[in-house]
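Asker: I have a structure I would like to understand better, so I am pasting it below and will then ask my questions one at a time.
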Amino acid sequence: MDFLSGAFHYSDSVNPSKYSPRPSDYFGTLPFRTSRFEREAADVTADYLRKWQKAVKADNPERKDLVFHGSTTTLGHFVSWAYPECIPDRVDLCTQICDFGFYWDDVTDSVNVQENAEITQDLALALLSELTLGQRLEPKLEINKIVVQMLWGVLDKDRKSGLEMIKFWKGHLDGQAESAHNNMSFEEYTKHRLSEVGARWAVEVGCWSLGINLSREKKDSVAHFVNKGLLAAALMNDYYSFNKEFDEHQRAGSMDRLQNGLGILMREYGYTETEARSILREEIRKGERAIMDGYIAWRESADSSSESHELNRYIVMIILMIGGITFWSSHASRYHRDDLITTAGDRAMIVGKFQCSMRLLDGYPPPNRWKSATSSNDISGRKRKSWSDSNGVDTHGACYTNGSSNRAKRNGTEAGHKANGHDSMDIYTAPFLKAPSEVCEAPYEYINSLQGKNMRNKFMDALNHWLCVPAPSMQIIKNIVQMLHNSSLMLDDIEDESPLRRGQPVAHTFYGISQTINSANFVYVKSVKETSRLKNPICMEIFTDELSNLHTGQSLDLYWRYHGRCPSINEYIMMVDNKTGGLFRLMLRLMEAESPAASSASLVKLLTLTGRYYQIRDDYLNLTSVEYTSKKGFCEDLDEGKFSLPLLHLLNHTRHPDRITAPLFNRASGARSLAREVKVHIIQAMDEAGTFEYAQGVLKYLHEEIMRTLDEVEADLGRNTEARILLLGLGL
């Protein structure tokens, strides 16, 4: 690490072997340093803990048994190792941020789901009021009052970096609230893990603490190797926290919410805890090697500009952060506990929980206890999703009983199809046999597996605070909306010739256009059957009405593109209300039909405005957001020739509309994408025409109207904190 010399001002290099005793469970390979302000951080932690304990007691006088495990260890302090180059006048707040993260988890992990939601909503409402409306509201709970005072200090010190940090923290909380990893492969888990773990939040804490100011685009330019290191940090957290997390979820009866790679390897793949830990250590080392190799390669190609210098600080900060947190985690009392009630024997109970569908982990042998059973199937020579055990689990996850395949039994006795070595004629007069739906549903299952923001379900839950729809009906409505949404995405991707959906290849890339269309139609049929299960007979009429609106709205969009006809703003809004707003109205009307409670006329307006906001924001971000580029491609709406609101504004405010429409609608035969240079020209033209400022103004106006309409609904139906948080969050 000699190439890092001279880059530090507030820390000293450290050799792990100098600590006595050296943590026996430490296996990190990345370097770390120690801050010269460790004593100050330790004093802040002691003071913050006293305040936090007092606040917890004030919020819940009955709670006496909660123990908090924060930053301080017998060998040092979390901040000293994680952020050794923290600017001295930010050490106080940086320490509070870190301890808050630990103590917040301790509190929320100790309460039930309802109490957790109340605590989170109380804090979220105060944060979003500041971030979107510029209003500083005081939370109800004492612990949240401590938190917001700390966060106001963060914003007052460095608002730009502070906002990024707070946004990532909120995303981390959202990810935790939504997560459940039952029946998930390790590969799928690792893809989700970065968005759920605090690693990205920890990076933004580091940027604020060190005063690093970089655009999202610059950060993303090194994400291809930085993310491998962050994934290693996430898995490292899983490695050290597993015993603690298992114990907490076992006590709470919430094992389905256990977010841990060790749990996945044990439950889904049948590995023992020892085997799973060995695999996780190897995956962590791979990630650590990858970030170091990536950094060295980047250094060799980087120039000497100030931007490269700042980016270098950013990468080095992350490397040292991962190295320091690994050392801290290897011995911190937060993870190495003597008060757990569960044992290794209890943890072993989840090994191979789903015996009939064990998975095979790429790059690793099956569990030792299955090697003898799998050797005869030559697993090592072929790639399979699962492996055979001696109790009759086939290599594709189907169960066997007494040596016979259930799949064969469903399809009839194979021996009956043969007579004297020839095909039997009986097959031609056999009874009707219903075809399995797996093949038909495969494209839908793929698109459904891609991680989205789940905003529609959140919105329905918020609406149900007012409408009180019975749980069975509510689940059916959620199923209907989910099926219609995802099937429409499959068709949209075909009609738009899109290459990506949520950052992954579109469904028809794997299944073909014809099969994907067939799957979408099949899901439409399933949604009709779901609607028939609702109690109010008017629900079917509502369903067909809004499904018709969805298609007529989409037809306008497709017609304008195909014929190169620029719509008016009024026509555009009509299209949005039918195409995008259709699902919002469908969910509301079905909920109202199944609800025993009174509704409000303003609810329809609220959802109509929300649908418009979503579409216009999507139009805007498609052309301006780095995140959208990574998930959909660079300015994909221009490739589609889509008449988005920014394009409408440009065509009405440029002196040379022909220079815009010509490349959009007069392409060479078979050319799907515009040349990057053409896209850049159009974006520059939008900049000059004030298009993006116009779109921002429309969104600001719509958001104000949404909040005003929410006030009207709350006047009719009562306060709804969940809905207010969701709608405030739109303005971020």
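Each residue, glycine too, has its Cβ placed from N, Cα and C.
The model shown is predicted, which means the values in this text are computed figures rather than measured ones.
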Asker: Pick from 105-109, 175-179, 500-504: which range does Swiss-Prot record as motif 'DDXXD 1'?
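Answerer: Checked against Swiss-Prot: motif 'DDXXD 1' maps to 105-109.
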Asker: Using Swiss-Prot as the reference, determine which range in 112-116, 492-496, 552-556, 567-571 is annotated motif 'DDXXD 2'.
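Answerer: Residues 492-496 are the ones Swiss-Prot records as motif 'DDXXD 2'.
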Asker: Need the matching range: Swiss-Prot marks motif 'NSE/DTE' on one of 238-246, 688-696, 697-705, and I'd like to know which.
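Answerer: Motif 'NSE/DTE', as annotated by Swiss-Prot, spans 238-246.
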Asker: Using a 10 Å radius around its CB, how many other CB atoms surround Asp496 (Mg(2+) 3 binding site)?
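Answerer: Its Cβ has 20 other Cβ atoms within 10 Å.
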Asker: Take the motif 'NSE/DTE' (238-246) and average the pLDDT across it for me.
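Answerer: Mean pLDDT for the motif 'NSE/DTE' (238-246): 94.
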Asker: Counting only residues 6+ away from its ends, which parts of the chain sit with a Cβ under 8 Å from the motif 'NSE/DTE' (238-246)?
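Answerer: Hits for the motif 'NSE/DTE' (238-246): 25, 258-263, 273, 277, 280-281, 284, 329-330, 332, 334-337, 340, 342, 346-347.
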Asker: Non-local Cβ contacts of Asp492 (Mg(2+) 3 binding site) (under 8 Å, 6 or more apart, same chain)?
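Answerer: Non-local contacts for Asp492 (Mg(2+) 3 binding site): Ser498, Gln554.
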Asker: For the motif 'NSE/DTE' (238-246), DSSP counts of helix, strand and coil?
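Answerer: Each residue of the motif 'NSE/DTE' (238-246) counted once, the result is 9 helix, 0 strand, 0 coil.
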